[in-house]
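Presented below is the structure to which this report refers.
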Amino acid sequence: MPGRLIDGLKRVSVNNPVMLLDEIDKTGSDVRGDPASALLEVLDPEQNKTFNDHYLNVPFDLSKVVFVATANRMQPIPPALLDRMEVIELPGYTPEEKLKIAMKHLLPRVLEQHGLSSAYLQIPEAVVKLIIERYTREAGVRNLERNLAALARAAAVKVAELDSTLRLGKEMQPITTTLLDSRLADGGEVEMEVIPMGQDISNTYENPSPMIVDEAMLEKVLGPPRFDDREAADRVSSPGVSVGLVWTSFGGEVQFVEATAMAGKGDLHLTGQLGDVIKESAQLALTWVRARSADLNLSPTSDINILESRDIHIHFPAGAVPKDGPSAGVTLVTSLVSLFSNRKVRADTAMTGEMTLRGLVLPVGGVKDKVLAAHRYGIKRVILPERNLKDLAEIPAPILAGIEILLVKRIEEVLGHAFENGFPLRLHSSL
C-alpha cells in the first residue's frame, strides 16, 4: 500500500530498522500501480539515499534500513528486482532437525496455546519421530505442528472432562447416618443411586498423572499412518515404473514415472499436467531408447522398430500438480527400458539428472532437497550426475551415512545401477 514504508519508520521511531518484506514473490500489478517497480528504488543502494515517497511527497534516506525479503519461489520475482537482492536459499529440514525444533520450540508453544503443561501431557521423542516419519513428509514443520496441536486438543478435552467430573463430585452432599436411620425407622423407602467410580478422582485431581502419548493413542487421535516405507516397493512392483527425484517450492519430492505399451501406431502419449520442457525430455528419452534398442538387447538389430504397431503412454502421478523441468530425463529412460525389457527397477533406488541425445548425464539443481526427500521415503540408493559431486558437501553427514550415492556420467551407467544385477549391454554400445 502507498506510504507503508514511511509509516513503518514512523511507528518504530528510528531511521535504521530491519524491515521485513514478506512473500515478495506474490506482488502483483494492476491499475493502482506496480509494487515491484516501486521496490526497485527502495532496494537499490544507489537510489534509496534520496527515496521520495510519491504518496506523501516526502524525501527520506533509506540507506540505513536493512531489508529482508522472503519468497517461496524465485521465478515470479522480476529479474531487475531479483538483481538488487542477495539470494539465500534455505533448504528443507532433516528429520533430526525437525525433532530438535519440535522438542525445543513447537511442543512448548503448543502446550501453552492449549493451556496445558508437562504435568498434563507428555509427548516422548520416540513418538515425535513416529509423527515425522509416518504422518508428515514436508520440507518445513507446519504439518508437524498441526499434528502436535491435535494431540494437545485431545489432552485438553480429557483434562476438561476430568475437571467437570471432579466439580460434580465435590458438590454432592454425603448422606448422614442419622438421616438414613431415621428414614428406616419410619418405614420409608430409600432410593439410592450408585455412581461407579473406578478410582479415587479427588486424589487424581490433586496430583494429576500426566497423559503420556504412545503409539496406540497416536493412531486413535491422528488416524492410521499416512506414509510407510513400503510405498516405493509397491509402486515399482511391475515393469515400466521408475523412481525420480524432483524439486518444488516446498522442497524435494519423490516422483514416480509410469510407462505402458498398447496397440497403436507408434505414438507417444504424455499425461500428468506436464510442462514443455518435461515433454521434450520424454521425447528425447524415447528417441534415445529407440536408437539404442539393439545395444540394449531390446531388439535383434537396430533396423527393427520397437514401436511397431504399439503406442507408448507415460504418466506422472499426482496429475493435479503441475510438473516441468529437465531433471526427469534419466528417470524417463529407465522407465522406458524397464517397459521394453520387462524388468523391474530396484525399489530402493531413486535418480535425477538431465540427459542429452548422446546419452550424457548433465548436472541438475536442488540436490540437497532431493536427497532429503529420498531419505524421507526410506530410499537407500540415489543416482546423481557426477558433476553434482560438489553439492554433496551441503548434505548433513547423518543423511549421507544412510544413503548410497551413485555418481554417473552416462545413461548406460544409470541403467547398470537401476536394475537388479545390472543391465546387460552389448560390447559395441559405447559411442
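Glycine too: its Cβ is placed from the backbone N, Cα and C atoms.
Just so you know, the Cβ of S327 (active site) picks up 28 other Cβ atoms within 10 Å once every protein chain is counted. Positions annotated as active site by TrEMBL: S327 (among others).
Around K370 (active site), a 10 Å sphere centred on its CB holds 30 further CB atoms from the protein chains shown. Feature annotation from TrEMBL assigns active site to K370 (among others).
Under the heading domain 'Lon proteolytic', TrEMBL lists 236-421.
Per-residue pLDDT, averaged across the domain 'Lon proteolytic' (236-421), gives 87.
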